[in-house]
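Enquirer: Before I ask anything, let me first share the structure, which is written out below as structure tokens.
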């Protein structure tokens, strides 16, 4: 990871603290993973505070595949089976079947509809019957040990929400460039400056958790 690009954001602990402050204020954060892994940056919001405007930004500036990171317990509560029985994707990303809110949506594709789906899935008393399957929001199952178990954006998202004292659920989408290619660290830093969002890495979250 090119730490010089991240230097303006402080050290690892300072970068995580800045992200936690932003999340508590209902703002987005940008998380980059290891260069020898996916080497991509995700725009992440708290599912609890997510707005229609933020979802529209995710759809407009990112890949469009908006994912909802959930804990093991919530996946079980909602009875969401894996998308496939034999997950042989390169990094073992734990997609479940896609979902849609049963009520309050039309086609399910609009920013407002996707927010409605997210809110239905994270509601305190959410039940399996509250969601239709398939849909236009893609849940991801986070490993219980977080980034200390798997250094993925899914685990990083849930860890950040827990550390921020929020519900342990977040939405993410990979930041892309206008030509459809993936944004790397230099572009992620530029995006963060444009949108006043903190930038941090999965490695930062690992360091933060190990320091506690």
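Any Cβ shown, glycine's included, is placed from N, Cα and C.
Annotations per Swiss-Prot:
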BINDING   37, 38, 42, 150, 151, 152, 153, 154, 174  D-ribulose 5-phosphate binding site
BINDING   38, 153  Mg(2+) 2 binding site
BINDING   38  Mg(2+) 1 binding site
SITE      136  site 'Essential for catalytic activity'
SITE      174  site 'Essential for catalytic activity'
Enquirer: For the binding-site residues 42, 174, which one has the sparsest Cβ surroundings, going by other Cβ atoms within 10 Å?
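Expert: Comparing Cβ neighbour counts within 10 Å for the binding-site residues 42, 174 gives 174.
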Enquirer: Return the count of C-beta atoms lying within 10 angstroms of the C-beta of residue 153 (D-ribulose 5-phosphate binding site), excluding that atom itself.
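Expert: Its Cβ shell of radius 10 Å holds 29 other Cβ atoms.
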Enquirer: Helix, strand or coil at residue 153 (D-ribulose 5-phosphate binding site), per DSSP?
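Expert: In the DSSP reduction, residue 153 (D-ribulose 5-phosphate binding site) maps to helix.
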Enquirer: Using residue 136 (site 'Essential for catalytic activity') as the reference point, find which of the binding-site residues 42, 151, 153, 174 has the shortest Cα-to-Cα distance to it.
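Expert: Considering only the listed binding-site residues, the nearest one is 174.
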Enquirer: Which of the three DSSP states, helix, strand or coil, fits residue 136 (site 'Essential for catalytic activity')?
Expert: strand
